[in-house]
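S.K.: Following this message is one structure expressed as structure tokens.
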Amino acid sequence: MLKTVKTKFFILASISSLILLSGCGEFKDIDKMVFVSMIGIDESGNPDKPYKIILKLYVPTSSFKQNPAPEYTYLIKEGLTMDETISLLESHIDKELDFGHSKLIVVGEKMLQNKKNKVILDFLIRRPDIQMISYFAVGRPNAEEIVKFAPAGETALQPTIFNYFDNSGAETSYIVTSFVFDFRRRMKEDGISPILPIVEMDESKTHFIINKSIVLEEDKPPYELDSEKTLLVKLLSNEAKSIFYEVKREDELFVTRLDTIKPHYTVDIKDNHKVSIKVDIKLAGIITESKNSLRNKELPRYSKLLDEEMKEKVTSIINELKREGYDPIGFGLSLNSHTLPKNRMNDKEWLSAFQNADVEVKVDSSLKSTGSIQ
Amino acid sequence: MSSKEILSWIMNQFNDTVELTYKPLELDNKKITVLYIKSLIDQELFQKYILQPFFEIDSEEKLQVYLMALPQFQEVPSKEEGLLYVMEGNVLVEIQENLYAIDFKLSKNSDVNSTSVETTIHGSELALSDNLMTNINIIRSFYHEPSLTIEYFLKGEVNKPKVAVIYDQEKVKTTALEMIKEKLKEIDKQVITESPQFSNFLNQKRFSLFPQMLLTERPDRIVYNLAGGKIVLLVDGSPQCMMAPVVFFDFMTTMEDNYHTFVISNYLKLLRYLGIFVCLLLPGIYIGAASFSPEVFRTEFMLTIAGSRMGVPFTSFVEVLFMLFFMELLLEASIRLPKAISATAATVGGLILGTAVTEAALASSIMVIIVSAVAISTFVIPVNEMAFAIRIVRLLLIVVASIFGLAGLTLGFLCLVMYLVNQTSFGEPFLRVYNYRKENKKSEGEA
């Protein structure tokens, strides 16, 4: 008897306390939310309100067939701080802003030059509803134009720009993908520099062009890499899946398609306290285009030509990065990872060591075919 | 008590009914008295095996030996037994101060039914009959083991149907058997008509959600489970039987699983388990994702949901409950309706609910898809009792999801698993993983 009274009391108490709880998140129907597609952050030029926030909002359509054209609305506001600006923007719309589906954060080029990236990152990290798996990119000439731009061929609900980054659409090796969490890691970590893709539009304003990247380093201006350098950096950081590479040597001019790319590098400190970077790249692929006629017998010679070409290019990009003091590949991190904490160099020591490092590149490629059927 | 007194006592019990026939027969030096209920006995048999020999056999002693040699012959130990025999369709014969019962029961319900609940593509299409003896005959003729034991009980104060408890003495789980017998003794009901009732009578908990016994109409399932050590309960007049103890996974298997090849039966099992998860969780996931955490799904998908919900006047959980309510009504209606109408009713209901509701913007088109997916996946569960239980659990999960979102749904599901783990079926853990211990194989239900 006592037991049943106890259970009843327990049920009553738990139900009444459950009603008081708000649960996780508020009940809000999906049609009362508006989803943010992209966030653009620009510099306004106004010293009182330095930030300009551009939000691209999805307009939901009930049927894709009825409404295949892309439709977006934009919220733009300048403000002193980013969070305040966004909270003001929330009063511009009748629904709740939901950042859960915003996949891309575009930062204007000027913002980076003015070293605002730390402030931006701080804002992005602190806001819980901004996903850390969003892509992070640099907009050229500014974020607003990139965010507002809908390229030809875009359909409703599917912003084409995401396809550039997620490997489900474009699979080119010229595009660097940077997530917010990865960007933050590279910012915080010693020995690796953040690298961001640059998003541009072509002259006729029909498509995006994403094949350049920008490397950031504390206390230094951002360093831009053109498309070829971007490719090589991707290749070295083992992110390139397949690349087309042109070889122009000894009267031969051919293009190779390299499917197997295995870069390997070791960073060591030698006896004379000098850092040595050894890069060993294994390549395999076929020749896809050639000016002269090629012969299968001579494949080893072509491979050798590719080795030389690649070695020269890779050495020069590493030397360039080293000279300028940017490290998007993470040589410093690699060294730190197998050095005891007490032996690690501090930032300045590493920078000078890196700039004086010996670079040794070895390329071992094997071309399997001349691509033609004989 | 002499046989004469017993006969007159029995007649007194019936006092005014005209059904009872009492006939003293006397010829030459032979004298017998017969007592029977006319509507219960097979009159042809009576004529052939009692009346004819009575006129042909010349002495009373020979007649008595003849009667004792009949396969339908039974002794009458007491007057109460005698009364019962009469009511069961025996003919009481009094000869030389001895009282015997000869079973001439006329049963018109001994035809074997064809399966209607557990239909399969492969395997037998014959089910049990309404007659207990026929059913036992079916079971015995499928299960040739001397250890097969059948015990009879009479339950129900008023209608006193025969209840048979069948088990394989060598394989049965004795604790479960004792528990069932003990609980059978405690049953104190006026009328018992069907074996599914025992599921509630033997269950001492007042509120139980999941069935404690497995209901089946298929002889092959009975035989399979007997071999697995289960106890089968049959009631006279009921074409279905109950089996215990059960585990949850018994309810998720069909007999067909044994008739298919390995890959196919496993594929079907996988399909079934996916189905049970879909019908349990899908409405809750819809509510949780659409109203609490829209970031869990793909952007395009969420936007489609948001778009299809445009103009719907209800919040998501009202929408779900509204549609599920009509679906359940449709389900219930199609069970009760005559077969000819039910197909039409289902089509009309489905069409009206499906298209008209979205046209009128009372529910989103995604909701209609979800409700129909849920309805279809409910039918995938092979045993009906479990499907009913799952329907109730689904409602609870919808309530939890509409208050606490996806996290609540997860927690609710966890609570369900905890509840199932806590359940036992006649001493056996209810959520025991199928065949987990080889040495216990003997005592375990494997169906």
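Glycine too: its Cβ is placed from the backbone N, Cα and C atoms.
A quick note: this is a predicted structure, and the numbers were derived from the prediction, not measured.
Dumping what TrEMBL says about this protein:
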type	residues	note
TRANSMEM	B:270-292	transmembrane segment
TRANSMEM	B:312-331	transmembrane segment
TRANSMEM	B:340-357	transmembrane segment
TRANSMEM	B:363-383	transmembrane segment
TRANSMEM	B:395-421	transmembrane segment
S.K.: Go through B:270-292, B:312-331, B:340-357, B:395-421 and flag the stretch with the largest number of C-beta pairs under 8 Å relative to the transmembrane segment (B:363-383).
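M.R.: Ranked by Cβ pairs under 8 Å, first place goes to B:270-292.
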S.K.: Select the range from B:312-331, B:340-357, B:395-421 that forms the most Cβ-Cβ pairs under 8 Å with the transmembrane segment (B:270-292).
M.R.: B:395-421
S.K.: Using Cβ atoms and a strict cutoff of less than 8 Å, what residues sit near the transmembrane segment (B:395-421) while being 6 or more residues removed from its termini?
M.R.: 209-210, 248, 280-281, 283-285, 287-289, 291-293, 296, 316-317, 320-321, 324, 429-431
S.K.: What residues elsewhere in the chain lie close to the transmembrane segment (B:340-357), defined as a C-beta under 8 angstroms and at least 6 residues from its ends?
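M.R.: Same-chain contacts beyond the flanks: 323, 326-327, 330, 333-334, 363, 368, 371-372.
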